[in-house]
Amino acid sequence: MAKEKFERSKPHVNVGTIGHVDHGKTTLTAALTTILAKKFGGAAKAYDQIDNAPEEKARGITINTSHVEYETETRHYAHVDCPGHADYVKNMITGAAQMDGAILVCSAADGPMPQTREHILLARQVGVPYIIVFMNKCDMVDDAELLELVEMEIRDLLSSYDFPGDDCPIVQGSALKALEGDAAYEEKIFELAAALDSYIPTPERAVDKPFLLPIEDVFSISGRGTVVTGRVERGIIHVGDEIEIVGLKETQKTTCTGVEMFRKLLDEGQAGDNVGVLLRGTKREDVERGQVLAKPGTITPHTKFKAEVYVLSKEEGGRHTPFFANYRPQFYFRTTDVTGAVTLEEGVEMVMPGENVTITVELIAPIAMEEGLRFAIREGGRTVGAGVVSSVIA
């Protein structure tokens, strides 16, 4: 059979499985690919194909992640599944796989467990906007009342972390039985897919968001002015647009008088393009790497924020010793390092390599910042951790 052409017509959504070890995340991932492939096309993946997750690097951190894809009637999904708990923590904090929504897998036989709670908290901290629940292994529970109790417990847990526990779709099923071809449980997989389709809104595409370009380099071109280069992170820049230069110094206003790519002049540059932007009346020394160009009023510079961070273990090339309050590493945002002082949460004396923890950071220079911004923690150019801004303080 000839290979099918990849259809770009359906909107694309990123999801992933989260939940406690051995509650059936990988089995559910296999069931989704296998059962949806029968109806909507796509490739079925077996459990061991998914479980054998390849290593990848994100922000200098090695993570094992499996990527699969499947389709529903209206959408194309990319789905991530991780083999170990530490991989989930790293994946969610580094944003290696940005999720538009997560499928929380919880065993009906065991109910919510410590990692169920931890993954919900992480999802909240790193800004996963929607959670859908799959209660797995329901074939092992004969008592309908028990299923109801577990469902209530999951809803309460979601609500306690500011997710709308009462409204989150919860599908009761058995991934293993579905894989074995039990029609009633196969139906539950379709029910889960329908919940994904209806509950997670179609994500806004990067080009539709407000313009942002992290500055990588600055040149002065005689007779033309100052050019900054970088990759457009989101939105579109048109010739003639007013823009702001944000971060490290006072915010400056300027106008884009030219956009070029591969030495050709363009009318606009959009998300994903590596461009040079010509700035009217801006001096070479007023702009530097580490600032961003942005649509006016869409992003502001900040020095103080709360973050969720993962600290690399010694084996991963991280620190060999713990760090304490007032630790002062460099925080690498987008294209530059800024030194910052760390404050630990009340009752936390120190942070060991290999842990994930909430910290407050005060930078010595302001960075264009918003919730969800990812960063690396470095010491002398070596990555020792990764983090995500969970809230901006000042």
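Here the Cβ of each residue, glycine as well, is placed from N, Cα and C on the backbone.
Looking up the ranges 136-139, 180-183, 224-227, 344-347 in Swiss-Prot, the one annotated as region 'G4' turns out to be 136-139. Annotated range for region 'G3' in Swiss-Prot, selecting from 81-84, 113-116, 297-300, 377-380: 81-84. When Swiss-Prot is compared with the stretches 60-64, 125-129, 185-189, the one noted as region 'G2' is 60-64. In the three-state DSSP scheme, Cys82 (GTP binding site) is classed as coil. Counting in whole angstrom, His85 (GTP binding site) lies 13 from Thr26 (Mg(2+) binding site) by their C-alpha atoms. Counting other C-beta atoms within 10 Å of each candidate's C-beta, the binding-site residues Lys25, His85 are led by Lys25. Using Cα positions, the member of the binding-site residues Gly19, Cys82, Cys138 nearest to Thr26 (Mg(2+) binding site) is identified as Cys82.
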